[in-house]
Amino acid sequence: MATSSELPDHLYEQMEAGQRLRNQGYRGRFAPSPTGPLHLGNLCTALVSWLQARLANGAWLLRVDDLDQPRNRVGAVESLQQDLHWLGLDWDGPVVFQSRRRGLYNSFLSALRRQGKLYACRCSRRMLADISAPAGRHLVYPGTCRDLELFWGWHEGRLPSWRLRVSKEFSHTSGDVILRRADGFIAYHLATVVDELTLGISEVVRGEDLLVAMNAQLALINEISARPVIYRHVPLLCDDQGRKLAKREGHAGLDSLRSEGLGPSHVVGWLAASQSLVPFGAELTAGELLSELKKKEGVLKSVLKP
């Protein structure tokens, strides 16, 4: 495992600054992608994450995960901020944009590569699908490219992706994690972990669909020798066919609800009821919900899954 002292001074200082922030108290975050309007599932996660931070008298940051630029939609950043304001969910400090932190991610990538922690991988998604586990199970990368010659990709005239050699304890839960994609984009796990550590995030509250990402992120944190982040997961909202709500499926956002005449207290009440925080039919603002939960110790934590 790499030690923090092996990181370049400027990265070590960023890690130390993040740790100091964590030591000061609870710090949570909400990290949507600007790929379209937030649907009710996104907003439910935002509400629960905000409540968890405010119940702890902590900070709640808004981070925009906009690295995958071809998928970003014009106006989505402004829209998601307006939706959060409309629901009464306030954040602390300026909005953090991942697209403005590429240099930091690449510095961590270079440091890990110099330490011999990475290797080039030529596996495509199709190749991995051919060796994947049965449908519905998470694929653990089998290490196909671990022992390939380092520069195979350039010899073949194409760029590789770069994977992290995880320690034995994570080999059966995450496998070797992609940190940079073959198209040159920094991978989700690297950007997310670097942000959690350098922004001082102490606990991540996110949708249950991201539970599969936890082991990969813990494996990377382990290699950087940082104190693990606490992960909590919110049960997913599903449509009447049992499918999780998704932007690509066109599931309802706030615009359609507002057009029906529903106000913030209706939506907050419904979202809270969907997590058994209040009875269905309750109408209350985010601030009123927070006040109610302060009287009911442990109710919110009972909703969250590790």
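A Cβ is built for glycine as well, from the same backbone N, Cα and C atoms used for every other residue.
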In Swiss-Prot, L-glutamate binding by R29, F30, A31, P32, S33, D65, R206 extends, among Y105, Y188, to Y188
Whole-Å Cα distance, A31 (L-glutamate binding site) to C121 (Zn(2+) binding site), is 28
C145 (Zn(2+) binding site) and S33 (L-glutamate binding site), compared by Cα position, are separated in whole Å by 31
Listed binding-site residues C121, C123, Y141; those within 10 A of R206 (L-glutamate binding site), CA to CA, turn out to be none
If you count the other CB atoms within 10 A of the CB of R206 (L-glutamate binding site), including all protein chains displayed, you should get 22
